[in-house]
Amino acid sequence: MAIENKPISKEIKTQAVIDSFKKLNPLVMIKNPVMFVVEVGTFITLILSIKPDIFGFDTVGRTYNIAVFLILLFTVLFANFAEALAEGRGKAQADTLRKTKSETTAKLRHKDGSYQDVPSTSLRKGDIVRVDTGEIIPSDGEIIVGLASIDESAITGESAPVIKEAGGDFSSVTGGTRVVSDFIIVKILTDPGESFIDRMISLVEGAARQKTPNEVALTTLLAVLTLVFLIVIMTLVPIANYLDVSIDVATLIALLVCLIPTTIGGLLSAIGIAGMNRVTQFNVLAMSGKAVEAAGDIDTMILDKTGTITFGNRMASEFIPVGSITEKDVTFASLKSSVKDETPEGRSVVELAHKNGLSWDENEYKDAEIIEFTAETRMSGLNLKDGTVIRKGAVDAIKKYIAAKGGSIPSDLEEKSNIVAKAGGTPLAVAINDKVYGVIYLKDTVKPGLKERFEELRAMGIKTVMCTGDNPLTASTIAREAGVDEFIAEAKPEDKIAAIKKEQDDGKLVAMTGDGTNDAPALAQADVGLAMNSGTMAAKEAANMIDLDSDPTKLLSVIAIGKQLLITRGSLTTFSIANDIAKYFAIIPALFIMAIPQLDYLNIMGLSSPKSAILSALIFNAIIIPLLIPVAMKGAKYKPMDANKLLSKNLFIYGFGGVVAPFIGIKIIDMLVSTLQFV
Ligand SMILES: Nc1ncnc2c1ncn2[C@@H]1O[C@H](COP(=O)(O)OP(=O)(O)OP(=O)(O)O)[C@@H](O)[C@H]1O
Ligand SMILES: [K+]
Ligand SMILES: [Mg+2]
């Protein structure tokens, strides 16, 4: 794993302590309204500590004011520490990544074909470079010539090299990875500072972090609650004046801070950052917290077949003749159809024909018009100078093509291609002019372990749909083998989008996983788009998550983290508010007793003195924040079970715990505090 999952080190903790002080800057604090109010209170009590009668009266004395000031200061620092600690882990990961981003030299190709050594940082979009064995790829791009095995461990942490080649879905290369065999010519696709590693760095560092809509809503709610309590506390002043009792300002501030939701206010951003951190620890890069939260609520998951469910290295394994065609003729026709096909499928056809002892004359195809493969036509081929047209492609596409030309379809084409499809292979029909020669058998392998994980998704109530450009028979075989619930075959890129939109129109949240350029629009349309790192640049750019291990079922982990994130936030909010209600019972009686000692019967908790009661409640309010940091960082306990059940279970635990904990905590603290001289 490139992104290390180390326990929080001493350095991170030390740095977090330093950062907690830096975050006292009011311009930073204002982003967190609840804690900003606490900071203002801290400032006022600081002044009261210096000049206790600044408001014209002093009923409590300097020491009490200093005590309130210190507890408030620690309350703010604890909240800052929680956030700094969560950020610290990401910063450490970013530093590790930065080290891999060493300055290298690139061989830039000029228009005249000559090469010049330039620093990798000077490369721009559109530049062409050559990378030889042992060299580091200078920036992100696409292989335009060649095939090489590449060590991507700097990014994925996986030490086994991967094969990358021009054409098709495995042509993208990432800056910072190393060519271990052969050479490649790469077209650079990013400008300096926008590369994949740059994006990874800013992601793990949280530089690009934006509050999610859920977080914004909760922050607003907490701010409103704070405002309400502020008004309530302010109205106490005229009431007290009317009763001719004076309530000191430090106590009013203490009361306010105890009543506003400081626990969740202090932990909210740490919860979000830690959630994103957990995602990266699974080797998934999430572009936004919003995507992670959306993952927690996913109803439907749509998957591309080749390269996502299967490994995607579709290789020709057999040439099957139809009608009266001989094996040699179909092999030759297949070879002809593929000599100019630069996709991995096309090259594998040429290779197999070679192995079967056939060769071709380059001259014969020199002036031929190349018909490149597209996901729309699902065909590729050549138009020769002499008028001969050669095509290969999806069987139904070739059938339509031949029918339009007025040719006849051999009676055994269906049967022969079905044999291939039933085995999970992709049959490609080959035709010259209006005559079908036979079928090319493209073999592919389903990635292991999918069935079990799709089973888990089903248990969570998530529907899986495979969406492929391949024929229905192949699709159904692979669908069965992989264990998806449904499949859509013969899907063009727009069909993939339509499939997603249809689910979304039914009010469903949809995740899409894919790797190809043709998947990019669908990845962008989905609520959660997970691209395989093995896939094309277009797919990775359109998606809002990238799995560095190219494992589509990784979404399962992200779903769990998303759900856990929402549950953690909900639980701690419940705890925080329940807590504040309990503190109300400790602190309000104290306030009245302080003013009117005859009201002592209100002291239901039997606290030793009004001052001790208030300080104890305030201390409890402060230390609950660091005590809950582990929950915020690790997330509330999560088991894959019915989400509603889990939520109500958590609400009960945290709600009940939130009411009971302060009574016990404040009582214990009061027993300790009451031994102090000044209270
Ligand atoms: N080089 C090629 N020449 C001709 N036809 C091809 C070629 N490659 C693929 N095909 C045909 O086009 C169909 C669609 O291919 P493509 O790889 O775009 O599928 P897709 O929509 O990405 O779906 P999936 O990746 O799930 O298979 C294939 O099933 C195959 O029949
Ligand atoms: K509080
Ligand atoms: Mg594909």
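Cβ coordinates are placed from backbone N, Cα and C, and glycine is handled just like the others.
Those TrEMBL annotations? Automatic predictions, nothing curated.
Per TrEMBL, active site, 4-aspartylphosphate intermediate is recorded for D304. Summarising the environment of D304 (active site, 4-aspartylphosphate intermediate), the number of other Cβ atoms within 10 Å of its Cβ, over all protein chains shown, is 30.
Taken from TrEMBL, the feature ATP binding site applies to D341, E345, F373, T374, A375, E376, T377, R378, M379, S380, K392. Counting every protein chain shown, the Cβ of M379 (ATP binding site) has 21 other Cβ atoms within 10 Å.
Residues or ranges marked as Mg(2+) binding site in TrEMBL: D515, D519. In sequence order, D304, P493, K496, M512, A531, G535, A539, A542 make up the list of same-chain residues 6 or more apart from D519 (Mg(2+) binding site) whose Cβ falls under 8 Å from its Cβ.
The domain 'P-type ATPase A' annotation in TrEMBL covers 103-205. Taking DSSP states H, G and I as helix and E and B as strand, the domain 'P-type ATPase A' (103-205) has 20 helix, 41 strand, 42 coil.
According to TrEMBL, the feature transmembrane segment maps to 32-50 (among others).
Here TrEMBL flags 62-82 (among others) as transmembrane segment.
Residues annotated as transmembrane segment in TrEMBL: 216-240 (among others).
Look at TrEMBL and you will find 252-274 (among others) tagged as transmembrane segment. Residues 32-35, 37-38, 41, 44-45, 68, 71-72, 75, 78-79, 82-83, 85-87, 90, 206, 209, 211-212, 215, 218-219, 222, 225-226, 229-230, 232-233, 236-237, 289, 565, 568-569, 572-573, 575-577, 579-580, 583-584, 587-588, 591, 614-615, 617-618, 621, 624-625, 628-629, 632-635 of the same chain lie 6+ residues outside the transmembrane segment (252-274) yet bring a C-beta within less than 8 angstroms of a C-beta in it.
Residues or ranges marked as transmembrane segment by TrEMBL: 581-601 (among others). Counting only same-chain residues 6+ beyond the ends of the transmembrane segment (581-601), those with a CB under 8 A from a CB of the stretch are 240, 243, 245-247, 251, 254-255, 258-259, 607, 610-611, 613-614, 616-617, 620-621, 658-663, 666.
The transmembrane segment annotation in TrEMBL covers 613-631 (among others).
The transmembrane segment feature in TrEMBL is assigned to 651-669 (among others).
Sequence-distant contacts of F373 (ATP binding site), defined by Cβ-Cβ distance under 8 angstroms and a gap of at least six in the same chain, are D341, T343, E345, G346, M379, S380, G393.
Within its own chain, the transmembrane segment (62-82) has Cβ neighbours under 8 Å at 16-17, 19-21, 23-24, 29, 32, 35, 38-39, 41-42, 45-46, 48-49, 52, 250-251, 253-254, 257, 262, 265-267, 270, 611, 614-615, 618-619, 621-623, 625-626, 629, 632, 678-679, counting only residues six or more beyond its boundaries. Model confidence over the domain 'P-type ATPase A' (103-205) is summarised by a mean pLDDT of 90.
Note on D341 (ATP binding site): other Cβ atoms within 10 Å of its Cβ, all shown chains, come to 23.
For D515 (Mg(2+) binding site), the Cβ neighbour count at a 10 Å cut-off comes to 29, with all displayed protein chains included.
Beyond its flanks by at least six residues, the transmembrane segment (32-50) meets 24, 26, 62, 65-66, 68-69, 72-73, 75-76, 79-80, 219, 222-223, 226, 230, 249-250, 253, 256-257, 260-262, 264-266, 268-269 of its own chain at Cβ-Cβ distances under 8 Å.
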